[in-house]
Amino acid sequence: MTTRHLYLDTSPPAYTGSRTELDKSAFHKTLPVLAVRVRPEKVGKFLKGDAMKRALLDIPKVRTVVSDPKEEGNRLVLLRMPNEGDIPPEALELIKTESNGLTEFNVNLDYNYWTADEILQSFLPEELREGAPSGFAMVGHIAHLNLNEEYLPYKYIIGQLILEKNNRVRTVVNKINSIDTQFRFFKMELLAGEPDYVVEHHESDCRFMFDFTKVYWNSRLHTEHDRLIQVFQPEEVVADVFAGVGPFAIPAGKKGCGVLANDLNPESYKYLAINAKNNRVDDTVKAFCEDGREFIQKSVSRLWEEPLPAYTGPKQSRVQEEKERRRLQRLKAEGQTVPIPPSEKQHGRRRISHFVMNLPDSAISFLDAFRGLLSGAEPALREQYSTMPMVHCHCFTREVDSRVNAEGDIRKRVEEKLGGALTSETSFHFVRSVAPNKDMYCISFRLPPEVAFGERM
């Protein structure tokens, strides 16, 4: 990659050092330019005047005005050209009338000047430059790579570049092509930086803490997280079957939703509970560590027997809560009547409005757990479900050439596992392409009453 600024080539030099380790001293370049000698009080004329616009040096990270090493108290205004004949006439006229003349000056660029991408393009063998890794996912302080095989011999140098060229990065890891089959998280190797994998990641106005080596997290799904959260209404209850560390559950809780959040991975469950507390939603987001099928089957009766607090409006800040607490203490101390909190006046929430099933590899296989979900329920509980919950099920399909075929494939598999036909209240959302022959979708459907009130599986 070549970066050019009129008359000057600022691209890094051809790398001639070792390829087993990075020789930073090989990255040095001297750019001879002209400089205008001026008194400090006249610098503004040269920087702000129209005459100099096409002549001034405009290289990123290089100052246009420097001290004159030969004339104490004077300044040098650097130009972008090395030859006087290249200076525009209007600029040359200003230089002749308002300066102490021209002088030569060397602009020195070194390893610190160029970006990681520019250094890498110079460092790699020519046949590997096209398609070289140029991006990475950030999770907290961790830069997460997925290097192709041909770049593995240079993985530690790539890691070093990313670490040194990005201030937010403290740890660089590369995904190894194996995945924990039970809990979905990827194995990874440290390329550079600290072996510190407990991150604090911000998404959807929430703060998430987790060990990146022990739980599943995919930053590419933040748009999908936000999309579904917008569907939920604050007064509703959401049952998150495969909640992970809470990318759906915690923002839904902050919105005001009651949430039953479940994950089979003990580490995910641990951080899910921590994140609920850290985001001050642990009163309405309840964490569980169960098999997804078991969680679905228990969810309706669990909420009926242990309702979540009623929605009482937007959550107060810590400062507002503290002011209210002191006000109530003052009323009590003065012997006045202390008002009953709104949450205690209202009945708790006892009906699930949404089930979220974000386990695209196998979520469809859990849908049979909805069979007979409400069979045998007492009349009062059955009345709560005069309108069935919505189910949002993420899945993969190999039907990538046609949206119609993709939706048909997903619908067929869902209906087979549910044991009943879907209603007209069914929609499909394309999430992303994960491979050349594999797309991710979310199917949202109203749970058919004949499934929920039918025989248990």
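Backbone N, Cα and C atoms are what each Cβ position is placed from, and that goes for glycine too.
Over in Swiss-Prot, the protein carries these features:
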| type | residues | note |
| --- | --- | --- |
| BINDING | HIS225, ASP263, LEU264, ASP291, GLY292, ASN358 | S-adenosyl-L-methionine binding site |
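Overlay of Swiss-Prot annotations on the structure.
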residue: HIS225; record: S-adenosyl-L-methionine binding site; contacts (Cβ under 8 Å, 6+ apart): GLU203, SER204, PRO247, PHE248, PRO251
residue: ASP263; record: S-adenosyl-L-methionine binding site; contacts (Cβ under 8 Å, 6+ apart): PHE242, ALA243, GLY244, VAL245, TYR269, LEU272, ALA287, PHE288, CYS289
residue: ASP291; record: S-adenosyl-L-methionine binding site; contacts (Cβ under 8 Å, 6+ apart): LEU264
residue: GLY292; record: S-adenosyl-L-methionine binding site; contacts (Cβ under 8 Å, 6+ apart): VAL241, PHE242, ASN262, LEU264, MET357, LEU359, PHE366, ALA369
residue: ASN358; record: S-adenosyl-L-methionine binding site; contacts (Cβ under 8 Å, 6+ apart): LEU221, ASP240, PHE242, GLY244, PHE248, HIS392, HIS394
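Taking all protein chains in view, 20 other C-beta atoms sit within 10 angstroms of the C-beta of LEU264 (S-adenosyl-L-methionine binding site). Residues HIS225, ASP263, LEU264, ASP291, GLY292, ASN358 are listed as the S-adenosyl-L-methionine binders, and the farthest two of them sit 22 Å apart at their Cα atoms. According to DSSP, ASP291 (S-adenosyl-L-methionine binding site) sits in a coil region rather than a helix or strand. When secondary structure is read from DSSP and collapsed to three states, ASN358 (S-adenosyl-L-methionine binding site) falls in the coil class.
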